[in-house]
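Structure record follows, encoded as structure tokens.
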Amino acid sequence: MTHATRALLGSIPALTGSPPAFRAGELPTEPVGLFLTWLEVALAAGVEEPRTVALSTVDAGGVPDSRMLILKDVDSRGWAFASTASSRKGQQLSVCPAAALTVWWQPLMRSVRVRGPVVEAPRGESVADLQARSPAAQASVDADDWTLWRVVPNRVEFWQGSPDRAHTRAVYVTEGSAWRVSVAQD
């Protein structure tokens with residue numbers, strides 16, 4: 001990194017949002033409920049494109065890739081996204097069926113990280129997802145190639161930024177069929 005680049009990057013304000021209250025003592029017992037609550041807060045605050053997430057996968061050599069895509073659904077089965085099985089992400093998921101999703105809601109200084117194995121949804125759900133797309137989007141893909149996947153989380157981290165850098169993390173980790181949640185400040 002050049003001195004000029006370092007100076008430029010250092011001059012850019014960071015963590016400029018307005019974080020809502022984080023009630024660590026009132027966390028639900030599972031992460032889906034907290035995610036949906038945080039999503040509702042993001043929508044109410046006017047966060048632009050709150051369903052845009054970064055999906056990270058790895059190739060056969062263990063080299064990571066990350067790209068932005070649209071979150072399709074969140075429920076007890078996992079965090080859903082879709083693409084073609086023949087895409088780079090689809091090929092990587094066929095070799096290493098695990099991924100991480102990252103959500104960043106800058107105005108709220110909130111981030112959510114989801115990681116775990118990835119499973120293909122039943123074919124009917126992939127077909128329904130494709131049919132919900134615009135005619136132009138449907139025409140651009142082979143219907144048999146369109147795939148809906150779910151990240152089945154084994155770890156979900158909710159990060160609440162703070163202007164004074166006293167950030168709060170609520171981390172959910174699976175223990176068998178139950179979730180354990182811990183809260184820390186860093």
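Glycine is treated like the rest: Cβ placed from N, Cα and C.
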Annotated companion of ARG67, MET68, LEU69, ILE70, LEU71, LYS72, ARG88, LYS89, TRP159 at the FMN site, TrEMBL, chosen from ARG150, ARG165, ARG169: ARG169
Among LEU69, LEU71, the most crowded of the binding-site residues [Cβ within 10 Å]: LEU71
Three-class DSSP secondary structure - ARG88 (FMN binding site): helix
Residue counts (helix, strand, coil, in that order) that DSSP gives for the domain 'Pyridoxamine 5'-phosphate oxidase N-terminal' (42-159): 28 helix, 54 strand, 36 coil
